[in-house]
């Protein structure tokens with residue numbers, strides 16, 4: 001029985017539901033097992049809705065021939081534009097983000113110029129990496145000139161450009177380019193025609209792409225069997241097949257017709273089909289190779305008929321000494337374009353610059369010049385090589401490099417051809433040290449074998465065959481004279497603040 005009081009007593013109202021706090025944002029840090037990136041896939045495809053974007057770094061290589069550089073440029077054929085399209089076609093980028101790289105945090109480690117290649121290029125962004133097989137899908141949508149090696153998961157804040165500590169570039173310069181008596185100016189070549197002093201070392205001498213009539217354009221190369229003790233390898237055979245150049249129909253006349261050469265070599269050459277045979281020999285020049293150097297000096301192993309020049313110990317020491325002037329922090333305003341001396345961007349730090357290795361490709365010996373720096377400006381490496389070659393050929397004094405670093409000095413520095421330059425590797429030392437416990441190391445170690453194969457087949461062979469067919473460096477050497485570059489003759493007492501020499505100095509030819 002209820003009491004009277006119970007009838008008038010009312011139960012208190014229920015408490016209001018607690019307000020839900022807004023979800024806190026996830027920290028900008030990723031791990032190797034989970035993703036901190038939001039699923040931004042808004043497409044209607046039910047298959048793609050299951051996947052999330054992942055921040056990754058993509059490692060790849062390319063041969064730069066036919067491309068207007070790495071960076072995307074409207075109306076131009078670039079590596080970046082081809083790669084972006086392949087990412088879309090492979091399902092890594094959704095339709096709404098196509099041709100809009102900012103939407104997926106696109107970044108590149110290095111910008112290479114027109115015709116410049118790369119072996120260890122790296123780009124980063126947020127992509128759909130599922131289902132498995134992204135690398136295969138990318139390669140199927142790319143030209144054989146571009147090869148994707150793989151990708152690695154990175155932190156959400158990773159940026160391929162900002163996190164790259166150093167960049168290593170390689171320039172292959174033919175050994176004959178360092179010989180001061182090889183490929184002088186075009187006038188000297190023409191003057192020697194018909195005389196007893198024909199320049200037999202002149203390879204593909206020409207004017208505007210045509211051979212200079214009467215000049216010997218054929219070079220024959222002699223090789224010794226490769227011994228196991230030398231640590232040099234190219235294939236399983238014990239000897240390298242000699243190579244000669246087939247010079248028929250090499251140059252092109254301005255009207256489009258082939259220009260035939262009347263010159264003949266003393267011996268009947270054996271032409272090698274470069275598509276079927278591509279022999280590469282690598283030598284490391286060191287002080288313990290005196291015996292091999294002496295043999296070259298005696299003419300048993302020559303770069304060309306009639307040439308006693310070789311890249312021996314003496315030549316290596318001199319060339320390396322020239323390149324060492326670039327090491328350190330300097331003002332490189334004379335080694336680029338459109339950058340003034342007062343611009344802070346003109347100051348660059350070069351970590352090392354070495355030229356200790358000789359590479360023989362398609363019968364031509366190249367000196368492998370390796371430069372490591374934090375970053376480089378437009379044409380900087382090619383101009384550093386250009387001035388170093390000019391000094392090596394006695395066209396300029398060695399002191400000119402230090403003078404070119406001065407802010408009040410303006411010098412027209414020669415630019416070496418782009419064909420011999422390629423990006424070897426991008427380095428991420430600080431990033432790897434910071435995230436070594438949670439993320440994979442960003443390096444080319446996992447792709448060394450693939451990268452080496454691509455380099456030999458695509459880049460090295462392209463450099464050598466271009467020199468065979470077009471004589472890119474040989475033609476450039478004809479322009480490397482005091483008429484075209486009067487600033488190469490200045491000394492430390494001359495006034496070059498206005499970019500003009502006020503005094504002429506006689507240089508030893």
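Yeah, the Cβs are placed from backbone N, Cα and C, and that goes for glycine too.
Look at TrEMBL and you will find 11-20 tagged as compositional bias 'Pro residues'.
TrEMBL lists 113 with the feature active site, nucleophile.
The substrate binding site annotation in TrEMBL covers 169.
Taken from TrEMBL, the feature compositional bias 'Polar residues' applies to 230-252.
The compositional bias 'Basic and acidic residues' annotation in TrEMBL covers 257-278 (among others).
Here TrEMBL flags 289-304 (among others) as compositional bias 'Basic and acidic residues'.
The domain 'Pseudouridine synthase I TruA alpha/beta' annotation in TrEMBL covers 323-428. According to DSSP, the secondary structure content of the domain 'Pseudouridine synthase I TruA alpha/beta' (323-428) in residues is 31 helix, 36 strand, 39 coil.
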One residue among the recorded positions 113, 169 has the fewest other C-beta atoms within 10 A of its C-beta, namely 113
Residue 169 (substrate binding site) to residue 113 (active site, nucleophile), Cα to Cα, whole Å, comes out at 12
